[in-house]
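Peer 1: A single structure is presented below for examination.
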Amino acid sequence: MQHLACFAGATIALGHMHGINTASQPGEPDDLEVAEAIAGGCYQMYRQSPSGLNAHAVDSLNGTHATPTAGQAYYDQQPELLESLFYLWRITGNATYRDWGWQIFRAMRMWTRLPTGAFACLASPTQPPFTHIDTTEEWWLSESMKYLWLLFSDHSVLPLDKWVINTEGHPYRAQRWASSSSSSSSSSSSSSSSSSSSSKATDVPWRGRENDSGAVADVVQ
């Protein structure tokens, strides 16, 4: 299993939030249950690793130890599980997802932070000593740290019914498309409203964070 697949928990949970449920048989788990199961399985890639960080891909998880896939044993700061934890926390309110995120954040600080303050990848997070690779991936700040910060931010920051976060972690305001039969006056009103919303887009409340959120933000200062 590649860690890249761990984004699926977020995608399925978000679909469930918008009313999508693909369960078709009695007793079949609904989409939110599937999303939570995916995230739980991905979390085991971290929990069963001595460093608390994941290998890029694993062949097996036996309950106590993750066996990395040959040639993919490295840790490269991937954001996919953190993305799923953020969405699942927002959608379910289950604090377990924050607990998992905090454990991952602490492992990142413990094993990947350098004396210079930078954060590096690891040659093998499952095999001590945890040797650094001279690389910081571009998605570490734009996605991994962003999702961690959002995980510990107030729900008023990028509310999921008003914002869409793309595959690279960039937020866009959700658009409601008017039908072709809308009147010109309605269009004008919508345009005015859109303009007003646009002017507020730069005033997203980045303050008012909880203590954990501040700790995450302090890492990059």
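Glycine too: its Cβ is placed from the backbone N, Cα and C atoms.
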Peer 1: Based on what TrEMBL records, which one of Cys42, Cys121 is disulphide-bonded to Cys6?
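Peer 2: Checking TrEMBL, the candidate bonded to Cys6 through a disulfide is Cys42.
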Peer 1: Please report the Cα separation of Cys6 (disulfide bond) and Thr167 (Ca(2+) binding site) in Å, rounded to an integer.
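Peer 2: Cα-Cα, rounded: 13 Å.
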Peer 1: Please give me the CB contact count at 10 A for Cys6 (disulfide bond), counting all chains in the structure.
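Peer 2: By my count, 24.
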Peer 1: Looking only at Cβ atoms, how many others are within 10 Å of the one on Cys42 (disulfide bond)?
Peer 2: 24
Peer 1: Taking the Cβ of Thr167 (Ca(2+) binding site) as centre, how many other Cβ atoms lie within 10 Å?
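Peer 2: For Thr167 (Ca(2+) binding site), the 10 Å Cβ neighbour count is 8.
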Peer 1: Check Cys42 (disulfide bond) against DSSP and tell me helix, strand or coil, would you?
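Peer 2: Its secondary structure by DSSP: helix.
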